[in-house]
Amino acid sequence: MSVPGPPRLVVALDFPAAAPAEALAAQLDPRLCRLKVGKELFTRAGPQLVERLHARGFEVFLDLKYHDIPNTVAGACRAAADLGVWMVNVHALGGRRMLEAAAEAVAAAEGRTLITAVTVLTSHDAATLEEIGLAGPPREAVLRLAGLAQASGLDGVVCSPEEAAAIGERFGAGLLRVTPGVRPAGAALGDQQRIATPAAAVAAGCDHLVVGRPITAAEDPAAAAAAIAAEIAAAG
């Protein structure tokens with residue numbers, strides 16, 4: 001099976017070590033999906049794992065959510081771009097100077113790594129935001145941070161399916177929307193609060209859909225990934 005155009009499905013390799021991550025990758029088709037490497041796996045397995053995933057034909061989203069002083073984040077983003085990853089991300093809460101430094105660092109590197117900003121984590125709800133000093137509904141914070149990311153020269157934002165449509169309406173299709181919290185109908189919620197099915201996420205305007213446990217914990221990960229990729233393609 002193949003899908004038209006570049007794959008929009010991103011499979012989250014949320015594993016504690018390289019061996020199970022690579023075993024899962026061996027069952028997947030790079031024509032159907034990209035792969036996401038997060039903090040735990042990257043800390044344990046390092047850039048060498050990313051290089052091995054590249055050798056299998058996969059494009060990699062390096063999901064490390066950098067948030068530090070501008071110079072430090074710029075250096076980290078430059079290193080990610082030099083590694084050849086498809087996408088890297090930062091926290092929009094790092095502020096304009098940090099976001100601009102990150103965007104400039106990626107733009108100056110060889111190749112074309114996309115850079116996106118995390119707005120509000122999908123594990124956060126209004127009560128959680130209030131605890132950290134961000135009063136109001138998550139949607140308001142997401143839109144404010146998405147605008148900051150766009151003004152700072154980033155390619156897109158990481159947002160929940162709930163806010164994707166509002167971001168598109170306000171900022172246009174040119175700002176990519178990368179969406180975790182995607183679950184097929186009937187799947188367990190896990191630690192996500194603001195979720196949607198793949199078809200609903202596409203209908204909301206999401207460009208890239210990140211799916212983890214519904215694929216990685218499936219009895220047949222290849223079949224699960226193919227089914228979700230087909231649902232995404234059918235939805236638009």
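Positions of Cβ are set from backbone N, Cα and C atoms, glycine also.
DSSP assigns LYS65 (active site, proton donor) to a strand in the three-state reduction. Cβ environment of LYS65 (active site, proton donor): LYS39, ASN89, VAL90, HIS91, VAL118 lie under 8 Å away, each six or more residues apart in the same chain. The active site, proton donor annotation in Swiss-Prot covers LYS65, and the record cites sequence analysis as its basis.
In sequence order, GLY38, LYS39, PHE42, ALA76, ALA80, VAL88, ASN89 constitute the residues six or more apart from LEU64 (substrate binding site) in its chain with CB-CB distances below 8 Å. The substrate binding site feature in Swiss-Prot is assigned to ASP14, LYS36, 63-72, THR122, ARG183, GLN192, 212-213.
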HIS67 (substrate binding site) has its Cβ surrounded, within 10 angstroms, by a count of other Cβ atoms equal to 15
The number of other Cβ atoms within 10 Å of the Cβ of ASP14 (substrate binding site), counted over all protein chains shown, is 17
CB neighbours within 10 A of PRO70 (substrate binding site), counting all protein chains shown, number 18
